[in-house]
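Working notes, structure below.
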Amino acid sequence: MLLWSGFSWLIAQRYTAQMQQQSYQHQKHLAQQQLEVLNGSLHDVLTTLGGVTRILAREAQIERGLLPFGPAVQPATGPAATRRLRWEQDLALRRLSRYLGRYTEALQIDAIWLLNAAGDCIAASNADQPGSFVGSNYSDRHYFRDIQGNESRLGQQYAVGRISRVPGLYVSHPVIVDGQFVGAVVTKTDIVARSRWTRNENVFVADANGAIVLAQDKSLEFRFLPDRLGPSLAQPALALEYRNTRFEPLDIAPWGELGLSDLVRLDQRSTPFLLLDGNRRSDSFSIHLLHPMPEIRQLESQRYALFTLLAMIGDLLILALAALTLYLRSLVRKREAALQAKQELEALVGRRTAELQVAKEAAEQSSRAKATFLANMSHEIRTPLNAINGMTLLTLKTGLSPRQQDYLRKIQASSQHLLGVINDILDFSKIESGHLGIEQTEFELDAVLDHIADLFGERAAAKGLEMLIEVAEEVPRYLTGDPLRIEQVLINYTNNALKFTERGQIGIRVCVIERDDAGLLLHIAVRDSGIGLDEALSGKLFQSFQQADPSTTRQYGGTGLGLAISKRLAELMGGEVGVVSRPGQGATFWFTARLGIGQAAPALQAAPDWHGLRVLVVDDQETAGQLLAALLQRLGFEVSQQRSGSAALAALQDADQQGQPYRLVLLDWQMPEPDGIETARRIAALGLRQRPDCVLLSGQLPDDWAEIAPAAGLMDRLDKPVRPKALFELLQRVLSPADRPHQTHMADAVEPDGRSLAGARALLVEDNPLNQEVAMAFLHESGLEVELATDGAMALAMVQQQRYDIVLMDMQMPVLDGLMATRAIRQLPGLADLPIVAMTANAMTGDRETCLEAGMNDHIAKPIDPGLLQAKLLQWVRPERGRMTAARQAEKGEPAAASAGPAGPAGPLSMIEGLDQALGLAQAGARPALYRSLLQQFVTDQADAIVRIKEAMEASRWEEATRAAHTLKGVSAQIGALALREQAARLEQALQAHAPGAQNETGEGLPALLAAVAEPLAQLVRAISDGLAQQRQAQTEPAFDLERWNAVRARLLALLEADDASGVQLFEDNEALARAALGPRFAAVAEAMRHFEFQQALQVLRQAD
């Protein structure tokens, strides 16, 4: 433990140092850019002044003014005022001063003056001003001494003016007559007034002596730089040069903690400073930049937090290593026993058999060792991690404080991340050892891309990114290859694109670059608008354990194996990988795969009346709009595009006035003002003669969509990124109803022989909320009792628990689609004759045949035609005579079946203050099991709601805080906690003001409202948790259900084979059923599950078959 703690401290120190180094490099880069700007500004000033002095030094008028003094003139004697008066009265010198004055006005230079060979100022542009330089001697100035004896050299000096007391930049040029130095032309400019660079408080200028003569921070002025000659000057020299004799050295010492020469400590301050010397240095002055870097100190505090986290992880790993050691010792003992038995057997069989066996083992040893090692590593590493995940999951379901739940969720997230890293390493090991193969199976490319969109679409939308998917027309719908490996590469690429992109787009493009009789070479590229990288770093990306830069891991995370695995997978599929990128301009990662061509599939068949219909696409992202427009044009629509809601409104009005109205408008939700929803509202208010149908494009479902859509006049929504089949289904939903109005009333549907549909039980399997609402309304009007499943897996479970007269099955659903669910249902005993009717948009010709082949009885096209639905129901439903729904029994005064068991009013939940169990149970469709599930979900999701709201408020994430309060309000009403619902509603109202001081209509502030919600919420969570626990203890063991046990056992075996810790929860939920089925073997399975020994549990379950 101590050794790991020391190692953790070293890692924390190294990480902190690396982060400090990164911050240092970033700030230094910005500072250097700043210095470049300063140098440019200074170069302009020097160029101007140098050009002026050079031109004036060669003018005849200047030479004539200096000739009377000659090259050997001595400094003038007498007081400066007397000299000034004598030279200002000289008519020729006065004209010369006025000539210099005109130059200063024309060129906006502060001053120009003329010195003779002795350094006396004989003429100046300010000769007629109180601060005239005439009469002063400047022979001691650097700019004068540096040009004597040099015909072409410019003198430069930054100094404080002796008369004006204003610091400035002096530039001089010698005046040479007949090869002899007779004087100099000098210019001065106040760069403080002329340049913006001195406004930066971090910049200062030091002269040749090392004295700081100009700084925005006045505390730095008239201090000497270390190791310069200034402090050695005598007091008279200081007084003459600076009019100041009190100088202190600038206390600069190296910042020794990082060992960087230009990171210094200033005046014993605790904050380090970045000291950079400007790239422009002359003999007379230098420019420096002093930039504070408090980030260096702030990162020190992170070292201890990181050390604590690493120490905790190390403790977990040490415990896992101890368990692994015990297991290995057991293996060694078993192996020794096996070897002894083998030796005895070999002695009986004979020497010849023994020699053959030894030879065979020697030949296969290498391959077997690799396979065994990979299998053992996969199991032994996953088992303790699954134990951590499983125990964390189980602990989260106990009565914990919000802070404890937050800690456990962080542990769970960290272990999941660690499991992902291990999976990368194991995949890489499989590739290296040759144990990872490529399958050859027929698959639908759209299904792979749909899965990618489902995985990353919402995450991209949450970051404000536009996600696009483009498939070229020449790409076949069905291909032959390994869809899992293609998807794995795409996940790696898309995950990196999402990680390194903060704004803009992420696009996936698929095309064919080569095709022959044997198949095709598919090219798949993922393009982003992220940080990009240069060519030198691109070559490292696809190497094992490599990233573009070490700082990438620190900032974004990752093992550096993802792209290496992608490269090897592409090579196994007969392709290659590559990247095209520039820094700051995003990157395009691509790969190719050689695939076979699957069976010819039908294409999208547009309705004949769609041809020529006008559609308006409104999206501020030009590329997204163009891709959607191209899909619509392939279906025969006449498409126009606009980039904003305002432009769309104008286009709609123009089209309506010209008699060419639009039939459909597709509106992007997240556009600059107005957004898609607001634009739809304004379209409804335009008063168009023929109002178009409006559809919202969005990567995320807006809050309160069911309320927003009708209020804004929105007919439907379409998920981004847009995919062809989803678009086609949307078009059929929106466009078809307008051409055939549904007038049929289905409430009294009766068969020809007089039997009613009332009392029949239907299972609706549908994932789309709008489709659910429409279908359930039609079915209820027909008198059916309807239960809902949102995916095929849920439907498969429900048909084994409840008898239904008909199943209405959607085709495209998550988890398990309609076709797979139907095939699975047909394999169950007693369900071969259950009527199953497909519901699909009929987007592809041949879908009906596909449904029938899967085992469905019939097919209904979307949008649902009420008359056709009624006919299908009458055709397939055969309910028992005299059976009526509980609702109709209640209407006639007949008793309905009561809900027995612990969830009834007499159960422990009925005693909870603030919980109307009767209302909650009614809202759950009078289904106690569903109601208990809702209560458990409430405890799991809302226990830390107040903590999440406070964290969002502290970070000023008001929308997030409002959403959390809104969710708490809704789920409280759902379970029957009406008092809590009212408190949450008041909190939501106050949070909508987006300010800490916001008050609701009663005048209560946010702290009071939070307190009013926190206490009853905590009490309700504790009471529900206790009540559910009491119910579980009070439940009696149910009668053994063989069909249900077979379904549970099949699911449990699949989870255990995948080392999935959720199998523990499944086993615990069905503990009574498992006890009845396993008998004496139950204890062994339960013990193995408690210790996450999944292989041992598998063995016992298989023996019990």
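Going from the start of the chain as shown, residues are counted 1 onward.
Glycine residues also receive a Cβ, built from the backbone N, Cα and C atoms like all the rest.
Source: prediction; values computed, not measured.
Feature list (source: TrEMBL):
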TRANSMEM  304-328  transmembrane segment
DOMAIN    376-597  domain 'Histidine kinase'
DOMAIN    614-735  domain 'Response regulatory'
MOD_RES   ASP668  4-aspartylphosphate
DOMAIN    761-877  domain 'Response regulatory'
MOD_RES   ASP810  4-aspartylphosphate
DOMAIN    927-1024  domain 'HPt'
MOD_RES   HIS966  phosphohistidine
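Broken down with DSSP, the domain 'Response regulatory' (614-735) shows 55 helix, 27 strand, 40 coil.
Here the C-alpha separation of HIS966 (phosphohistidine) and ASP810 (4-aspartylphosphate) works out to 31 Å.
Averaged across the domain 'Histidine kinase' (376-597), pLDDT for the predicted model comes to 79.
For the domain 'Response regulatory' (761-877), the number of residues in each DSSP class (helix H, G, I; strand E, B; coil) is 49 helix, 25 strand, 43 coil. As a summary of secondary structure, the domain 'HPt' (927-1024) carries 76 helix, 2 strand, 20 coil according to DSSP. For ASP810 (4-aspartylphosphate), the Cβ neighbour count at a 10 Å cut-off comes to 26, with all displayed protein chains included. Packing around the residue listed as 'phosphohistidine' is summarised by its Cβ count: 18 other Cβ atoms lie within 10 angstroms of its Cβ, all protein chains included.
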